[in-house]
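**Q** The structure follows.
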Amino acid sequence: MKEVRVVICGDQGVGKSSLISALIQEDNVTSIPKVFPIISIPSNPDSNDDVSLVLVDTQSDSNEREYLAAEIKKANVICLVYSDNYSYERVSIFWLPYFRSLGVNVPIVLCENKSEDLDNYQGLHTIEHEMIPLINEFKEIEACILCSALEKINVNELFYMCRACVIYPITPLWDAKERTMRKATIHALSRIFFLIDKNNDDLLSVDELNSLSEKCFSKNLSIEDASEILSKVKEICPEGVYEGQLTLPGFLAYNRVQVENGKQESTWGILRAFHYTDSLSLDDSYLSPKFEVAPGQIVELSPKGYRFLVDLFYQFDRDNDGALNNEELSALFRHTPGLPEIWVSSQFPNSTVLNEHGYVTYNGWLAQWSMITLFDYKTTLAYLAYLGFDTDGRGHNTDALKVMRKRVSQNRKVSKYDRNVFLCFVVGSKSCGKTALLSSFINNNTNRLTPNTVVNSVEFQSTQRYLVLSEIGETDLDILAEPKSLEACDILCLLYDSSNPNSFSFIANLLNLYPDLQKIPCVFAATKADLDRQQQRYPVQPDEFTKQLGLPSPTHISTAAIWNTSKEFFIQLAESAQYPASSIIRIPEEDSNKTNYQLVAALTAFGALLLSVGGSLTWKIIKHQYYSKK
């Protein structure tokens, strides 16, 4: 907004033009025009908003009614003036109904002019018995004031009030009828208190108050200023100060008094510094900032993003047990819309690493955010905003993310992907151990449910990466025919049960029925290595099969044995995703017509019957909330 347009209305003789003259002329003048031309007053150089004030004088004559109506419809705020009993009665009988008939929806400042002869008692009586009843009846009246153009009493305050009603509207903050702050105001200020309270002790120290002042008003708060604030709060709200620090009730009480006394500018300064709009919702551009992701790119958390999430974890781990329990998680997400929908759909917290009590560990916390950012970075951006990523001068919310290169299909020239998060599809026949592998990955040794998609960290070469394992059941195989799904997959884990002679044929047939799988790095694994190994009922045994594909022999793993080898296998998966060249299928051109791999489809026609179409809940999440956005 570049200007605030104030239309001054009222009956003839109430002093509309005199009020304008008193504002713009230093000396009292006897000759005042019947109506002033439109006057523009530039903003004060000391003002932070750079908004000029435009004053529109009007006449109440019936022959000027068309012009009056046109100007009222262009107004940002209406200054309605009366000066005696007759003009006061006309406020409710004519003027306010007239404004409503024009369909205008702007704030109104009610002014009694010519009040120089009123003493304090008479002034209070006027406000209580004349103005307050009108405010209660007509909600469009935002403020009222007693003025005198003759004595220049409250003239500057009148037009400041008109300006403030537009730039710093009181209606969204204050319920005039109930004389209390609105629930939305309390909710917004409570969230701001929560964001400023960095040590999570439910108190704002002098240092934290200073941080608030610097962020909102670009000025340091001296110890004297802080002491004055605390003293005022203690007077109006005894429980508002505790051990020299500000409590939430005190913070709310201080802002309530500011708004009640017409000093809502400071409260709006706080709200707008934290990206609140005039409707007290967070700005859409703050929740969903512009963030360009080109085709062939994916999004991960940046070091700044991880640092913020680490700080957040320790801030809310009140019992210092290295995990977030249900109460701590609830406190952390208290001032957001709740757990993100995609988190709920992914069956968090079971989707990540929990301790023996079922609480989210430090690694599990970071892993969950890593996975969700990979699938739906827009949700991550919104929740970084809700949780106050930018509060401590970390920069824009988009600084918490970084854009990385996707896997290039079947490109053996790419020796390494410098990424932190990889997606692995886990495929295999029924009961081959897919779910057991996922449970082992997130250290789920209890009876809790393991979702179809889980995430954990994997450390190799002194670097921590995050691996997302997504199980594809026999009813989910249609996803292997979707190009966007395959583009998202960084590594394909092909499992077979080494103790079941019919297990290997399933994944061998799969490579024929879905030839695009050949473009994805593959790792074969034989599960249940603690049981007797069986000869596979297939023309080519697994070791020879993988050799013909130019891949390493299957890794033998067991999730049940004491000598569990799955940890090393997860490292192998992550390494194969980061260094894909050695895991991409390679069939010599001259042998392409005679390899057993190419003959499999004719030898095992029954394999096609195993492949039905469907989709699990988890894959609905991935397909609809991730792939559709690519």
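From the backbone N, Cα and C atoms, a Cβ is placed for every residue, glycine too.
Annotations for this protein, taken from Swiss-Prot, read as follows:
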TOPO_DOM  1-598  topological domain 'Cytoplasmic'
DOMAIN    1-168  domain 'Miro 1'
DOMAIN    184-219  domain 'EF-hand 1'
BINDING   D197, N199, D201, E208  Ca(2+) 1 binding site
DOMAIN    304-339  domain 'EF-hand 2'
DOMAIN    419-579  domain 'Miro 2'
TRANSMEM  599-619  transmembrane segment
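Explain the structural surroundings of these features, please.
**A** The residues of the domain 'EF-hand 1' (184-219), classed with DSSP into helix (H, G, I), strand (E, B) and coil, number 25 helix, 1 strand, 10 coil.
Long-range Cβ neighbours of E208 (Ca(2+) 1 binding site) (same chain, at least 6 residues apart, Cβ-Cβ under 8 Å): I196, D197, K198.
Residues belonging to the domain 'EF-hand 2' (304-339) score a mean pLDDT of 96 in the model.
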**Q** Determine how many residues of the domain 'EF-hand 2' (304-339) DSSP places in helix, in strand and in coil.
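**A** The breakdown for the domain 'EF-hand 2' (304-339) reads 20 helix, 2 strand, 14 coil.
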**Q** Determine the most Cβ-crowded residue among the binding-site residues D197, D201, using a 10 Å radius around each Cβ and all protein chains in the structure.
**A** D197
**Q** For the recorded Ca(2+) 1 site, enumerate neighbouring residues of the same chain (Cβ within 8 Å of the Cβ centroid of D197, N199, D201, E208, site residues themselves excluded), in sequence order.
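**A** Apart from D197, N199, D201, E208, the close residues are I196, K198, N200, D202, L203, L204, S205.
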**Q** So if I measure Cβ to Cβ from N199 (Ca(2+) 1 binding site) and keep only same-chain residues at least 6 apart in sequence, which ones fall under 8 Å?
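**A** Within the chain, N199 (Ca(2+) 1 binding site) has Cβ neighbours under 8 Å at S205, Q315.
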